[in-house]
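**Q** Okay, here's the structure, questions in a sec.
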Amino acid sequence: MKEDISKVVIYTDGACSGNPGPGGWGALLQFNEVNKEIFGHELETTNNRMEITAALEALKILKKPCHVEIYTDSKYLQQGITVWIHNWIKNNWCKSNNEPVKNADLWQNLYEELSKHTIIWKWVKGHASNSGNIAADKLAVQGRQTAIEILKCRG
């Protein structure tokens with residue numbers, strides 16, 4: 001009997017010039033022998049927002065429930081979504097010191113997307129020898145460069 005749920009491997013990355021500053025995000029999605037590359041940008045953002053956005057946008061591409069392995073070089077993203085988020089939800093999106101969670105809007109949207117899939121989060125060393133991470137980094141840099149070019153045109 002064939003398994004109904006597809007397996008997808010996703011590599012994500014974010015890039016930012018300045019923090020905050022122009023930024024980009026990128027993701028490589030792999031399903032069977034097919035690779036899909038996506039990227040985007042924001043004119044004023046942070047590296048952490050771009051890391052979360054990369055994972056969020058990659059998951060939004062999926063049309064049906066999947067078994068997903070997400071590879072990220074961001075400890076912030078990996079720890080945030082696997083460890084910290086449970087307390088944030090319990091504390092109404094506040095940290096233990098009662099300060100609001102940064103990027104709560106993105107965390108909430110990402111958490112909602114997670115409920116549609118079975119997900120394993122894996123951390124990889126950035127700028128190393130992992131070809132998927134290298135591809136995601138190039139896409140994020142491409143997104144960041146787009147933001148920089150737009151800002152140059154605006155003067």
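Cβ atoms here come from the backbone N, Cα and C positions, even for glycine.
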**Q** Given that Swiss-Prot annotates Glu51, Asp73 as Mg(2+) 1-binding, name the residue from Asp13, Asp105 that shares the site.
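**A** Answer, per Swiss-Prot (Mg(2+) 1 site with Glu51, Asp73), from Asp13, Asp105: Asp13.
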**Q** Beyond the listed site residues Asp13, Glu51, Asp73, identify every same-chain residue whose Cβ lies within 8 Å of the center of their Cβ atoms for the Mg(2+) 1 site.
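**A** Going along the sequence, the neighbours appear as Thr12, Gly14, Met50, Ala54, Thr72, Ser74, Leu77, Gly126, Asn133, Ala136, Asp137, Ala140.
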**Q** At a 10 A cut-off on CB-CB distances, which of the binding-site residues Glu51, Asp137 has the highest count?
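**A** The residue with the most neighbouring Cβ atoms within 10 Å is Glu51.
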**Q** Looking at the binding-site residues Asp13, Asp73, which one has the fewest other Cβ atoms within 10 Å of its own Cβ?
**A** Asp73
**Q** Could you give the mean pLDDT over the domain 'RNase H type-1' (4-145), rounded to a whole number?
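**A** Here the predicted model's pLDDT, averaged over the domain 'RNase H type-1' (4-145), is 96.
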